[in-house]
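Trainee: Can you keep this structure in mind? I'll have questions shortly.
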Amino acid sequence: QGENLLYCFEVAPTQPALTQVTQCRTEGSTRGLAAVPRLALDVMACEVLRVLQLTDTALVPVSFLVPRKSVQEFHEDLFPDCTGTLPATDAQGWWAGDSQQVGRVSLHPARRPTETFTSPIIAGTGPTSTGHTDTDTGHTDADQTSGYSSPSSLASPSSAATSLSASTGPSSGFASSPSQKSLQSILGPSSRFRHAQGRVLHRDRHLTNLRGLSLTTPGESDGFCANHQRVALPLLSAGGQIAVLELSKPGRLPDAAVPTIQNGAAVADLTWDPFDPRRLAVAGEDAKIRLWRIPEGGLQETLQEPEAILRGHTEKIYSIRFHPVASDLLVSSSYDMTVRIWELSAGREVLCLQGHTDQIFSMAWSPDGKKLATVSKDGRIRLYEPRRSSQPQQEGPGPEGGRGARLVWVCGGDYLLVSGFDSRSERRILLYRAQALPEGPLSVLGLDVAPSTLLPFYDEDTSVVFLTGKGDTRVFLYEVTPEPPYFLECNSFTSNEPHKGFVFLPKTACEVREVEFA
């Protein structure tokens with residue numbers, strides 16, 4: 001009461017027990033709420049729920065519809081038979097042990113009696129006038145022993161034991177009263193960060209009027225990259241151009257062309273050096289990695305000469321990652337099915353990791369920098385210790401689907417979180433113990449069906465992982481814990497437009513006084 005948000009959750013007997021479906025912002029603040037009976041719903045418009053909201057001055061109906069392609073036909077799966085409006089027994093019968101259930105009614109418009117809602121309070125809608133075949137009012141009294149008679153179009157009480165009522169009956173174990181168990185033990189553990197709220201910052205902070213962006217970077221790339229000072233965006237124009245924009249100068253960009261980096265080859269992936277905010281590494285589709293140095297204060301003119309070019313891969317590169325601990329170390333993966341580690345100060349390749357038999361979807365350094373994990377289209381996750389061997393230290397089964405996958409280290413580097421697909425293209429996240437990859441995932445959580453790979457971003461301070469795909473509007477948030485149930489759902493964030501890319505800034509950019517943590 002007093003709020004203007006309506007949350008809609010789906011409840012399931014398995015984990016996650018509660019899944020948020022939608023949230024709806026109402027105009028006025030709520031003074032009271034009531035649900036309209038199911039018999040009054042507009043079933044042909046696929047309306048599954050209608051809530052009446054009482055505000056200070058009005059009664060506002062809020063309708064929940066399930067989008068369906070066809071609204072000409074009746075959807076049986078959305079509208080099982082619901083409880084009718086005729087009592088199954090009377091008070092004396094109930095005390096005497098009669099446990100008949102109220103007859104169920106079809107919600108199909110063609111199979112309903114003309115008068116669907118009966119009430120002894122409203123004159124003329126008594127139980128006898130609801131489409132009875134017998135107009136004889138004495139019929140009800142004659143039938144008194146077997147409960148009230150049911151109109152021809154209603155299911156008789158005996159046939160009410162359909163599979164639906166059987167599965168939702170008191171036998172399903174949900175009958176224990178909350179007073180016996182605490183709510184916590186019924187719902188299971190919940191995340192401390194479940195009320196985290198995503199908020200779009202004020203337009204003054206946006207960079208607008210971006211033109212000619214390349215939205216065709218490979219699925220293995222995040223699409224663009226940012227550090228605490230600037231962002232690099234691949235452009236569509238020929239020659240692999242990259243725009244570099246200063247975050248300290250937000251607002252509308254000029255209509256004239258902005259100065260760019262001329263990479264010379266189409267961009268496959270790009271990333272900023274974590275220890276040098278002016279150095280940008282760009283992997284090209286010509287199998288070369290170019291290192292660019294941005295002048296102090298940002299790009300003033302077009303850059304054409306890279307600081308260095310790394311040659312060694314024989315095929316197009318998928319992705320590049322800087323080492324999290326040591327300066328001048330870069331790792332790259334390529335269509336030639338190798339992973340190579342480069343020493344940038346010398347400008348040469350120092351190690352080539354072997355063992356992949358198919359496309360390398362993603363790779364990630366452990367937070368302590370000792371290990372490198374990869375996930376591949378061949379359905380395997382591999383863990384390397386580059387200082388010891390160029391062969392994988394251990395392998396384990398990865399996601400089944402071959403549409404794409406990502407991985408990220410979580411829980412202090414003891415666990416690996418992998419996002420991928422199952423064989424039916426459902427997006428899912430899997431959690432592995434990094435020391436026990438061959439044992440397979442500890443936990444698997446299916447999220448939804450969508451074509452793009454979920455990109456995971458992990459905040460190690462709160463242990464919250466953010467997941468979204470290119471072309472999605474929703475960002476999923478889960479707290480990851482090393483003990484069951486492993487994934488605790490938090491508030492998801494929904495943006496107005498689908499995003500083409502999604503990256504996180506370093507923690508130093510957070511406004512900690514506002515309790516902003518990402």
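Our numbering is plain: 1 for the first residue shown, then up by one each step along the chain.
Even glycines carry a Cβ here, placed using N, Cα and C.
Remember, it's a predicted structure, so these values are computed and weren't measured experimentally.
Here TrEMBL flags 133-142 as compositional bias 'Basic and acidic residues'. Here TrEMBL flags 174-188 as compositional bias 'Polar residues'. The region 'Disordered' feature in TrEMBL is assigned to 109-190, 383-402. Positions annotated as repeat 'WD' by TrEMBL: 310-352, 353-394.
Let's see these features in context: how buried, what's close, how far.
Mentor: Helix, strand and coil residue tallies for the region 'Disordered' (383-402), in that order: 0 helix, 6 strand, 14 coil [DSSP].
Only residues 6 or more beyond the boundaries of the repeat 'WD' (310-352), in the same chain, are considered here, and those with a CB under 8 A from a CB of the stretch are 218, 220-221, 268-276, 281, 283-291, 358-365, 367-369, 372, 374, 384, 386, 390.
Nonlocal intrachain contacts for the repeat 'WD' (353-394), taken as residues 6+ away from its ends with a CB within less than 8 angstroms of a stretch CB, comprise 219-220, 318-319, 321, 323-326, 331, 333-335, 337-341, 400, 402, 404-409, 412-413, 416, 418, 420, 432, 434, 437-438, 453, 460.
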Trainee: To what whole number does the mean pLDDT across the repeat 'WD' (353-394) round?
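Mentor: Looking only at the repeat 'WD' (353-394), pLDDT averages out to 94.
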